[in-house]
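First up is the structure itself, then whatever we jot down about it.
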Amino acid sequence: MRAIIKFKWAIAAIVLALTVVLSLFSPNLTELANQKGQAQLPADAVSERANAILKQAGEDNNSISVVFTLDNAIKKETENQLRIIIDKIKKIDGVEEVTSPLSAEKEVKDQLMSKDKKTVLMPVTITGSDKKAEKIADEIYQIVPDDLTAYITGASLINQDFAHSSEEGLKKTEVITVCLIIGLLLIVFRSVVTPFIPIVVVGFSYLISQSILGILVYNVDFPISTFTQTFLVAILFGIGTDYCILLLTRFREELANGHDKKEAALIAYRTGGKTLFISGFAVLIGFSALGFAKFAIFQSAVGVAVGVGILMIILYTLLPLFMVTLGEKLFWPSKKVLSHSDNKLWAFLGRHSVARPFLFIVITVVITLPFILTYDDQISFDSTAEISSDYKSIKALEAIKDGFGEGKAFPINVVVKGDKDLTTADTIPYLGNISKAIEKVDHVDSVMTITQPTGKKIKDLYIDNQLGSVSDGLDKTVKGIADVQSGLTDIENGLNQMAGQTGSASNGGSGGSLGDAADGLGKINQQLQLVSKQISQTGNTAQTVQQLTAISGQLGQIQTGLEQANQQLSGQQAQAGTLTESLKKLSEGVKSANEGLTKVSDGITASSDILEDMSKSPTVRDTGIFIPDQVMKDKDFKKSIDQYSFADGKGVQLSVVLDSNPYSEQAITTINQIKKAVANEVDGTPLENAQIVYGGVTSMNADLKELSTTDFSRTMVIMIIGLFIVLTILFRSMIMPIYMIASLLLTYYTSISITELIFVNGLGNAGVSWAVPFFSFVILIALGVDYSIFLLDRFKEEVHLGIEQGVVRSMSKMGSVIITAAIILAGTFAAMMPSGVNTLMQVASVIIIGLLLYGLVILPLFIPAIIATFGEGNWWPFGRKKGKE
């Protein structure tokens, strides 16, 4: 410290130069937080795997939705305006495709226009980052004429609005924090100079910290979140001010004791500096332990550890400069010696706590337990609730919700990826089965894929419809045969009549052959009657075709015979002309009947072929779907395949629309049920070895829930173990760390319970924001441990008076220090309340409630009672070094 004081100006110049250079040349941390600060899931998360598959296939284009809200049902004039808008949007750089709500296809139109025709949806496929999406949205807003109301939304735009909201909240927090600290320090020190010293010291720490973090984030992908800067401000200014108060108070006391300013500074750092180092080191360890978290947004809290490390360096280098330069002027105009007087309230509570420890432990439990028992752990993953409804992306969501339902904006994307083509007639039917399985899950509104591109199944693909068509065809066959029979009966009668005429005229020459032909037709009619009956009773198409082919041959012979008879007649009697003409017509009738039978036979053959193909298809029994070759070649069906497949058919997608808010807890429950339903459905099918993953907002939130829950528990254990080791070494005890940490856990769970009551039960929020439990736990434990260190470190000094007296004296001396520090730290977090960001307000609430609860209840009631209960056991297993405390 003497060397630091000796070279104080050189050190100050280095700190100033370093701050200026870093501020000028380091990357902007705010911009980096906007770019990289979103909740980034690990690569093995289901939603990230879905994104990776689509990205590899070039199918990872972004999508935004333009929503038009009309006062009345859409008119021709508005449709013309929309066509012009669509043409202009297509010309914007970065726009890949615009799906027109004015499509000629009714199914598409129904999907993009509400039933009352007052809400029109226009999906726009784009490329680029979230920032690029925001730029495209701004250009679209400029295109929309003033007489139309349009809002634009999408995951990228919501992310950007959240980033802007957080940025605005940070600016408010910075200003309010500085004002609060100045106000509180004016009250504490009664000086117009002193309040600005912590502001300057912590200000340098903050500027250097955010510059170093910017360099780390930019160059080595150091974890960052949109909350990093806000927490950095609150924590650095909070504990930095506390530490400054600790050192400045001791410095002034030493000045009053007659020491010169240099010696007073040395003593202040030799005594108060020890406590500062221990407390700062504990906070540093607490936040550094978060580097073991798997989730990047949780790891981002390590940035606070960087800030705390810088703060410690600045406190030991820059603050001494002000002490030895200004001396007593640092406290101008106050002349009174500043020292915390004994806290009578804490002394009173301490005496009674050690006298009746069990009673005060019970009182602590009575105060905290009711709140803990009400805790439901209601967590919200709705990022749209984080920002004001004034943002256009949120207004667009509300418009979609009102016009189409909540799930329309962000459907679940089921991605199926295999090693072989999945768009064959043998595999597509299994997609139909998956669709049916998903549709049976509660809260699923519709499923769109190859077999049902608009959410409604293509009926002609299902064998019940196809068999119905075959049945209808066989009915028509029977009717066709009946028509042929009727025609042949007429021909038979005509031939018999002609046979009589020609027989009397020519002594039976031609008459005999005509009679034979008539007899032949009679027999054919009888055969047709049997065929018709057989089709009706058995549906045996193969045998029917053989019989009809034979009958057709017989009709051909009769036709040939009639043509020969016609030639014979033409050379005979005078009336032969009339008979010849009649015979010609009858011959043509036979020909027509034969052609009719051929058509009937062809129809039966087609039906027979379909039935044969069905019998050979392995999918019919499993799925009830059969896709004939002509359907696979159909233009519209090919379009459906192209729309829902990728990677040359090796990948397919299903789009699942829910009837609930895609950000809600209900949606997460639904997607988990969908996963189970799909897994059961593909078991034992050609798709069982395919990768099946899930993308979209709901899938991301499901991953977020699983990861945040497991990683929170894991990180909590790591942090507690780290603190336990540090505190064990510090206090040479394994008992003290246990009840110190237990008291902090009790404080945390009580505080989070009260916060849940306020925001969920009181303000009607869906739940506490998902990041709140983690960040509030980390901050409250890391900062709260400071105050227990303040108290127990003083207890080590006073324990020579006896355990009970040592506790009472420690509480008397440290009560005002701890309460003042807690109020200042709570004040810096209170500065987060006007931010308007739900997560920040809820974290601030937990910290404020926790600090006040810890300072007013847990430390003065619980800790002394526990110390008195353990007695000499407080130093187990190492034992107390008597006379050296």
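Here the Cβ of each residue, glycine as well, is placed from N, Cα and C on the backbone.
Features as listed in Swiss-Prot:
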TRANSMEM  9-29  transmembrane segment
TRANSMEM  181-201  transmembrane segment
TRANSMEM  202-222  transmembrane segment
TRANSMEM  227-247  transmembrane segment
TRANSMEM  278-298  transmembrane segment
TRANSMEM  304-324  transmembrane segment
TRANSMEM  354-374  transmembrane segment
REGION    498-518  region 'Disordered'
TRANSMEM  716-736  transmembrane segment
TRANSMEM  740-760  transmembrane segment
TRANSMEM  772-792  transmembrane segment
TRANSMEM  817-837  transmembrane segment
TRANSMEM  847-867  transmembrane segment
Spatial neighbours of the transmembrane segment (181-201) far in sequence, C-beta under 8 Å, 6+ residues away: 237, 240-241, 244-245, 248, 314-315, 318-319, 322, 326, 329-334, 336, 338, 820, 823-824, 827-828
Of 227-247, 304-324, 740-760, whichever stretch has the most CB pairs under 8 A to the transmembrane segment (278-298): 304-324
Contact between the transmembrane segment (847-867) and the transmembrane segment (202-222) (3 or more Cβ pairs under 8 Å, separation 6+): no
Segment proximity, the transmembrane segment (772-792) to the transmembrane segment (716-736), 3 or more C-beta pairs under 8 Å: yes
Contacting positions for the transmembrane segment (772-792) when only residues 6+ beyond its ends and CB under 8 Å are counted: 227, 231, 235, 238-239, 242, 275, 278-279, 282-283, 286-287, 290, 298, 301, 379, 708, 712, 715-716, 719-720, 723, 727, 730-731, 736, 740-741, 743-745, 747-748, 751-752, 755, 810-811, 814, 817-818, 821-822, 825, 839, 842-843, 846-847, 850-851, 854-855, 859, 863
Highest-contact recorded stretch vs the transmembrane segment (9-29), from 227-247, 304-324, 354-374, 740-760, CB pairs under 8 Å: 304-324
Which of 227-247, 354-374, 817-837 contacts the transmembrane segment (304-324) most, counting Cβ pairs under 8 Å: 227-247
Result, the transmembrane segment (817-837) in contact with the transmembrane segment (227-247) (3+ CB pairs under 8 Å): yes
Close approaches to the transmembrane segment (740-760) from elsewhere in its chain (Cβ under 8 angstroms; 6 or more beyond its ends): 364, 367-368, 371-372, 374-378, 720, 723-724, 727, 766-768, 772-773, 776-777, 780-781, 784-785, 788, 792, 838, 842, 845-847, 849-850, 853-854, 858-859, 862-863, 866
